[in-house]
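Working notes, structure below.
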Amino acid sequence: MARDYDHLFKLLIIGDSGVGKSSLLLRFADNTFSGSYITTIGVDFKIRTVEINGEKVKLQIWDTAGQERFRTITSTYYRGTHGVIVVYDVTSAESFVNVKRWLHEINQNCDDVCRILVGNKNDDPERKVVETEDAYKFAGQMGIQLFETSAKENVNVEEMFNCITELVLRAKKDNLAKQQQQQQNDVVKLTKNSKRKKRCC
């Protein structure tokens with residue numbers, strides 16, 4: 001049976017508890033939003049296929065629990081991850097401060113993974129405490145892209161997921177190109193070595 005996609009990528013959504021990770025996932029995967037807050041126990045995931053530059057990309061998006069007591073569960077889910085979405089709540093300064101810790105955790109668990117920073121709940125200017133300028137400055141220092149989103153109002157959610165997918169797709173193609181180049185170099189070396197051996201005879 002033929003596959004209905006060209007690429008399969010695993011994405012992970014991490015961040016403090018209550019920042020809206022599940023809401024972002026539900027908005028992107030099912031285009032739904034629920035105002036009631038339920039803590040995710042352990043890990044939940046959704047699947048959605050998107051098209052990027054004419055290629056079908058199947059996304060397996062894992063929503064992890066942000067609470068400290070679930071940290072051990074979370075660490076096992078980094079395996080095989082291609083992209084990580086780090087979420088903070090623009091109405092919670094603490095969740096923004098904790099982004100550094102989450103980025104450190106990514107570095108501890110993943111060798112080479114694409115990352116983006118997401119400031120969620122960006123739909124009530126009066127409650128916003130993490131300034132856009134500060135967030136952009138921090139993202140620049142970390143070398144990652146920033147998106148301010150609202151799962152509630154459906155603002156920038158699609159764009160954010162498309163961005164991380166494009167980053168992962170580009171990284172995959174770059175890695176393939178490097179591998180092919182390395183193989184060509186190895187073939188050239190082998191050919192040169194065999195010619196040298198013939199001359200020695």
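Just so you know, the numbers here start at 1 and follow the chain as drawn.
A Cβ is built for glycine as well, from the same backbone N, Cα and C atoms used for every other residue.
What Swiss-Prot records for this protein:
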type: BINDING; residues: SER22, THR40, ASP63; note: Mg(2+) binding site
type: LIPID; residues: CYS200; note: S-geranylgeranyl cysteine
type: LIPID; residues: CYS201; note: S-geranylgeranyl cysteine
type: MOTIF; residues: 30-42; note: motif 'Switch 1'
type: MOTIF; residues: 64-80; note: motif 'Switch 2'
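SER22 (Mg(2+) binding site): 21 other CB atoms within 10 A of its CB, across all protein chains. Look at SER22 (Mg(2+) binding site): DSSP puts it in a helix. Within 10 Å of the C-beta atom of ASP63 (Mg(2+) binding site) sit 25 other C-beta atoms, taking all shown protein chains into account. Summed and averaged per residue, pLDDT over the motif 'Switch 1' (30-42) gives 75.
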